[in-house]
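Visitor: Following this message is one structure expressed as structure tokens.
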Amino acid sequence: GSVGYTRVWIPDPDEVWRSAEIIKDYKEGDKSLQLKLEDETLYEYPINLQGNELPFLRNPDILVGQNDLTALSYLHEPAVLHNLKVRFLESNHIYTYCGIVLVAINPYEQLPIYEQDVIYAYSGQNMGDMDPHIFAVAEEAYKQMARDEKNQSIIVSGESGAGKTVSAKYAMRFFATVGGSASETNIEAKVLASSPIMEAIGNAKTTRNDNSSRFGKYIQIGFDKEYHIIGANMRTYLLEKSRVVFQAEDERNYHIFYQLCASSSLPEFKELGLTCAEDFFYTSQGGDTSIDGVDDADDFEKTRHAFTLLGVKESHQMTIFRIIAAILHLGNLEIQGERDGEACSVSGEDEHLSSFCSLLGVEQSQMQHWLCHRKLVTTAETYVKSMTLHQVVNARNALAKHIYAQLFSWIVQHVNKALHSTVGQHSFIGVLDIYGFETFEVNSFEQFCINYANEKLQQQFNSHVFKLEQEEYMKEGIPWTLIDFYDNQPCIDLIEAKLGILDLLDEECKVPKGTDQNWVQKLYDRHAASQHFQKPRMSNTSFIVLHFADKVEYQSEGFLEKNRDTVYEEQINILKASKYQMVADLFQEEGAVPAAALRKGTPRIKVRSASPAFKAANKEHRKTVGHQFRNSLQLLMETLNATTPHYVRCIKPNDEKLPFKFDPKRAVQQLRACGVLETIRISAAGFPSRWSYPDFFDRYRVLMNKRDLSKNDKKQICQTLLEDLIKDPDKFQFGRTKIFFRAGQVAYLEKLRADKFRAATIMIQKTVRGWLQRAKYQRLRRATLALQRYARGHLARRLYENLRRTRAAIILQKQYRMVRMRRAFLRVRNATITIQAFARGMFVRRIYRQMLMEHKATILQKFARGWLARVRLRRARAAAVVLQCHWRRLQARRQLKALRIEARSAQHLKKLNIGMENKVVQLQRKVDEQNKENKLLNEQLSMLTSAHSSEVEKLKKELQEYQQSQRGEGNQLLSLQEEMERLRMELERAHGEREVMEDSHGKERDLLRKRISDLEEENTLLKQEKEELNSRILCQSEDEFARNTVEENIQLKKELEEDRSRYQNLIKEYASLEQRYDRLMDEITIIKQTPGHRRNPSNQSSLESDSNNPSICTSEIGDTEDVIQQVEEIGMEKAAMDMTLFLKLQKRVRELELERKKLQTQLEKKEQESKKSQTEATSEHEDFAYNSLKRQELESENKKLKNELNELRKAIADHATQNNSSNNVQDSYNLLLNQLKSANEELEVRKEEVLILRSQIMKAAQQKETGKNMERISSSAGWPSSDRPIDQEDAIEAYQGVCETNRKTEDWGYLNEDGELGLAYQGLKQVARLLEEQLQNQRREHEEEMEALKNQVDSMQEELEKQQQALLQTLQLSPEVQVELGLQQEITRLTNENLDLKELLEKLENNEKKLKKQLKIYMKKVQDFEASQTVVPVERRSHKRNMQVAVQRKEKDFQGMLEYYKEDEPLLIRNLITDLKPQAVSATVPCLPAYILFMCIRHADYINDDQKVHSLLTSTINGIKKVLKKHHDDFEMTSFWLANTCRLLHCLKQYSGEEAFMTQNTAKQNEHCLKNFDLTEYRQVLGHLSIQNYQQLINIAEGILQPMIVSAVLENESIQGLSSVKPMGYRKYSSNSGEGDNSYSLDEMIRQLNSFHSIMCDQGLDPEIIQQVFKQLFYMINAVALNNLLLRKDVCSWSTGMQLRFNISQLEEWLRGKNLQQSGAAQTLEPLIQAAQLLQLKKKTSEDAEAICSLCTSLTTQQIVKILNLYTPVNEFEERVTVAFIRNIQKQLQERNDPPQLLLDFKHMFPVLFPFNPSAITMDSIHLPASLNLDFLNKV
């Protein structure tokens, strides 16, 4: 028996099915079931015991809301209906799969699920992976077409108003976007242009739909081999012609009639004779002729516009409108019956008849006659018979219908012609938008045909579904038991077989007197026994057909007439004879077309329009409508059977067209009608539930035991498990990759799983409760132990305290006693010591006195003994001295005696005299010297004495003076002393007064202080109040100001970002256009292969013409034509610059033209003044006289040189003719060299002379100039009047002279003629004249300037006054308004200033360019002049090059410049750009090519060669573009050239010489700046190239990353074990099943990001750019992952949220590891992070809703609601997100102004910035590796 909570479905008259719970177990044989309904009421459900029909079981809640109905365990009508209702009402999902069918419920409001981003999100995805969508079906069709090489069909059906046409339109849009048709063949645009036409002529208002398509259409979209759209073709089926002549109540005719009537007042439509729609019978039968909210006149404009778009001529359009008007007039004809009723007539005066005839260009009399008569042809004769009133009306209506049908066919043909492609079609996808099954109150022939078509389509559908099922079973190797499925062949046979309904109808039509009544009778007779045919009880004129969807009763009235569709041949012949060609053509090609169309269609399925099959006139008219319809239907079925069909079934949820209202009755009716339930029945008959082994294993592993799980083979584990769980082996089958279950088995397994979980839950609860009790007991035990411990402790502490106190008392006593005893002992001891001290002192003093006495006695004895000893010594010494004297005297006397004897002898004298003479001489000399010295000293002395005496005199005088002054001072001193006394007296008096004053002042001061303190207190109070008020005001204004400024800043930033992105998008478009242009040019050259005139492209650079070519004239005579001429001359290969620049320059040239005219008028005014100044020119003639003399000299010299040259030539010629020995050749060669040298020397001299001459001319000019206006000279930079066309004729003459010289110097012959110097000189003379005239005008200009300045001052004063007034006004306003006004004024002022500065900048730039041009002209002139002096043999250059290798140069310092020859430029570009591999320079300085190119540019700049600079830069840019084009999918190469382009750009900035870029340069680097050229415009072009480069880099990286994102971020299981808690598996129809597993892990993606990062870092790309690259890539990761999440129900679960958050944290970790936190990449992941958090948050209470709203700030309301709708509980223990909760969230988020789109635009690209990044490398430190093969570059 069932368990108590089993839920079932029971039938209900209102809701079709109601849910109930079984409250009492059902036993076999019970008569009824006891149920409880959802509203708690009890209900007894009777059971039919015979049929044993128990009510349907309900699916478990976890399965409700599935995106595929076939995934439901119980597959039956109530389950399907409930699932659709839940998805539609609760989640607002309008699409649901039902196996291979997409069920689409019309929401009756615009949903944001069809944007471009959604198309991209579905493109390339498998059908089952994403949420159901029309795009998923379209993608499946597109993918299968490409993979299986088979044509596809998408069959869209449903009843009127269910949204078929819209679905078809979206499918078309998908193909157009994905098929990537090139813009010029945008078929989708053309098909969309056809839709207003088709709607106007084929749609009408019905009771069910205001814009109902009243015809079926099959549009084939053709694709080429690349699967790009190339064309389209439309076939139409069964236009409802009867609507032209009859409309039911509240319906309208086709829109075109009302549109034409609404526009009848337009002048071009006056001749149509139309009034309002109410006036015409054919447009007024339904009553109301207008539709709410539709403007027919406006729609008519759209229709006309569409006609024009599709190439229908104005004349044809007018004819179409004439025909439509004619039909309306035809309906208003008054037909008068005759008396007998057998004949009738039309009045000739009937204005409608004449209008009809004139509009169609036919004869009125003929038409009048044949409307009421017909021709009868018998074998014998032909006679004319008049018709009855009834017949005439029918004939008229038939004619109107026929005309309209022919017109409809003609228009369809023209639409097809416009959509037809000339290229061969490889395959196609057809979209069939055809009426669904119809049943009304009154059903006629149209409904019969429509239902017949649906019967055929249903048969095809059934057999296809059946076939697919069979294939699935075969593929999985499951025994195929024949499933009985409903085959509607009997019903189809009833309609179309031999003697079927259609056959009998055709038979009856052939019978002359056939009637509807007779035909019905035949049907009753023939088919009464058929199971699909019934006769109604109450009627004899109607019959019932039992279609697959429903019983339908058809009224036979009008069947024959509609089937015959009789049009009389005579009327058609009149129309054929129309004077309007198009009208005649409509009825001309009668017989051939339908047959041809059929023939074309049969062999291959690419078929032209089937609509011509509706035509019917003359003999061919025997084909009835039914017959034609059967044929076209047959053709359609053949086409569909030859393609792979895909089904879209549109359901109308209610008849009131209310948004998101679901009427179950209507829904079931349509579900039955469209065969969805039949699919389900077929599916349910076999094994409807299918699980892949891994999914089954993940879901039901909880039911397995540990032993099974330890096995490795998942398939084996699943088999073992199932055999244990499901005892009946018929309930499941094991396929190769899937397990197949009968209906209900999955629900059973879910129940087992739930039971297992429930048991596990109980186990967990039991364990938890036990644990909680144990924990509680342990807590109590711990508390008890703690209490005991504290009590015992307290007692122990008390005992311890007692013991401690006792011990302390004893210690105190012991200490006290000890102190007392010690004190007594110390007292006794001290007394003893004192006595001892005194006693000992007395004894010591006694001993001391005794010792003192003894010491004194000793001293007395010592002195006495000493004196006695000294007396004895003195006496002894005196005696010794006397004895010595006597002895010494005796000795001396003896010695004297001996000496006297010796002196008397001669020998002695001689000895003495030796050396005496010398000494005398020396002494003499000394004396002389002494004398001299003495003399000198005497002189000095005398001088000193005289000086001294004079000094003394002086001192004496001073002393006298001083003494005199002393006397005077003495007097003075006395007077001073008196003065002092007087002053002292006064001072004392003043002191007294002061004391008095101080007293009074002190009193006053105290008073004042008191008053001041009072005032201060008051003041502080006031101040506080004021400050409070001020702070309040300030806070308010500051807040407002801050808010305003912040808002303005944000706004400005946004605008800047938008501008930048717009600009970069333009660059992107420009690049793509350029590439397309190149491609087209290549194609043209391939097609033509013949030489011919080629027009230059319009985007030719103007930059080159402006700054790099010599200008054509010295002033601004050149205008746009010159520019254009130069552009054409420069040629195509240099088109590297921007078009915008060219336009700017053209504008500038026009401005300059105006300026020139103005200046010319001024010039004419002042011509008289200039005549006066001519007198001054006489002085100049004297200079000219000298110059002419000089010239003559130069000319004679020149002649001499020429003669020598001729001799030289002759000599060479002679040598050539004679065959001399090599010696002679050598001699002649030497001679030649010598002569050449002398010629060169001569030339040098001439050059100097020329320079002198030039300098003299310049001097003369300058003197005049200085005399006139010094200021003007200093302000203008060398050629002051280059801005002014002073004298046009002179300028032109001078230029022509120069040009002539240039032309002539080019050929060698001219050098042999005379007078070339004269010509050159003539040119210089003209220049001198020009300068002269320019100088004469300086003064006038100065005066003009003064006037201008005066005017300026006046205007400034006025402005100042105005500003003062404004200031006064603003001061009167409130502070807030003041702030705002101030800001506004400041902004306008800054804007104006900016504009002025821009203009000024442009002017200055132009001026600078002009000056440069003129400088180049003069340079050229000088060069030409010098060239005319030199004669260089042709061989010399090559000779020089060959010798270069041998000549050894002294090595100088490398200056960081590289020189190359012009012809080596292509080689340089090839080796350095085109053929360079990044690996070749990987070991060198990063961006080496950029540095090398810059060094080459530096050299060209250094030698002032503008052509070389221009050529090199252009070649470089074109070379880089070529490389990028060639390697458009190579990340490394693109990154390499992005780095190099940026580096070259930085170098051009760093060394431009502009202050802003030089702040970080070293002195050495500043030396390397460019000297001659300003390359700003090239910098701009390089900037553009960098942007293109960056965009290509991003595209490549995105292309590599995009396939990884979904599987790596959303699907990859980086946290193990989460897969078992994923929601129920969905049925996937992977169309890529054979293509293997292409899933990526997060690690692989991170490895890829690492690879990108390392490549960019290694190649030296700026860190700022790397950051921008990763910001862009992370934005894309976020967008793709979030878009995928928003379109997939299976990933919107708690476990995915957890997984996703982990994966994002890994990515954030990676960013931190690479130090890219500043890049803003992490911020771009914010929406994805919030989506992950949203999946993990609780979603129940209103607090949860608030938390979600406050947390998910980066997600839009749409996205939050979508995620909540998609959120799928992991299992049944988790509840769904309630509708009320989602509504609550929507209400809370109402005030947010979020954009309506759901998905993020993953193609959005942030604008890129290239911040200036100077290099620290100096150019001279760069080494050129040999591997680059650049040995032709010379270091300078």
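Each residue's number is its place along the chain shown, starting with 1.
Just so you know, glycine gets a Cβ as well, placed from its N, Cα and C.
All TrEMBL annotations are machine predictions without curation.
Note that the structure is predicted; figures quoted are calculated from it, not measured.
Pulled these features from TrEMBL for this protein:
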BINDING   G158, E159, S160, G161, A162, G163, K164, T165  ATP binding site
DOMAIN    3-55  domain 'Myosin N-terminal SH3-like'
DOMAIN    64-754  domain 'Myosin motor'
DOMAIN    1514-1791  domain 'Dilute'
REGION    633-655  region 'Actin-binding'
REGION    1088-1115  region 'Disordered'
REGION    1161-1191  region 'Disordered'
REGION    1263-1285  region 'Disordered'
Visitor: Under a criterion of Cβ-Cβ distance under 8 Å and sequence separation of at least 6, what residues of the same chain contact S160 (ATP binding site)?
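Guide: S160 (ATP binding site) has long-range Cβ partners T206, R208, N209, S212, S213, Y435, G436, E438.
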Visitor: Measure from the Cβ of G161 (ATP binding site) and count the other Cβ atoms within 10 Å, all protein chains considered.
Guide: 19
Visitor: Note the Cβ centroid of G158, E159, S160, G161, A162, G163, K164, T165, the recorded ATP site, then list each other residue of that chain whose Cβ lies within 8 Å of it, in sequence.
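Guide: In sequence order, the nearby non-listed residues are N106, N209, G436, C650, K652.
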Visitor: I'd like the per-state residue tally for the region 'Actin-binding' (633-655) from DSSP, helix first, then strand, then coil.
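Guide: Its residues fall into 9 helix, 8 strand, 6 coil.
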Visitor: Count the other Cβ atoms sitting within 10 Å of the Cβ of G158 (ATP binding site), across every protein chain shown.
Guide: 27
Visitor: Run through the Cβ atoms and count how many others sit within 10 Å of the one on A162 (ATP binding site).
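Guide: Around the Cβ of A162 (ATP binding site), 24 other Cβ atoms lie within 10 Å.
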Visitor: What average pLDDT is reported by the model for the domain 'Myosin N-terminal SH3-like' (3-55)?
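Guide: Mean model confidence (pLDDT) across the domain 'Myosin N-terminal SH3-like' (3-55) is 82.
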Visitor: Taking the Cβ of T165 (ATP binding site) as the centre, how many other Cβ atoms fall within a 10 Å radius?
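Guide: Within a 10 Å radius of the Cβ of T165 (ATP binding site) lie 21 other Cβ atoms.
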Visitor: For K164 (ATP binding site), what residues in its own chain, 6 or more apart in sequence, show a Cβ-Cβ distance under 8 Å?
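Guide: Listed in sequence order, they are V156, S157, G158, S213, D433, I434, G436, C650.
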Visitor: Name, in the order they occur in the sequence, the residues of the same chain whose CB lies under 8 A from the CB of E159 (ATP binding site) and which sit 6 or more residues away.
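Guide: E159 (ATP binding site) has long-range Cβ partners R208, Y435, G436, F437, E438, C650, K652, Q670, A673.
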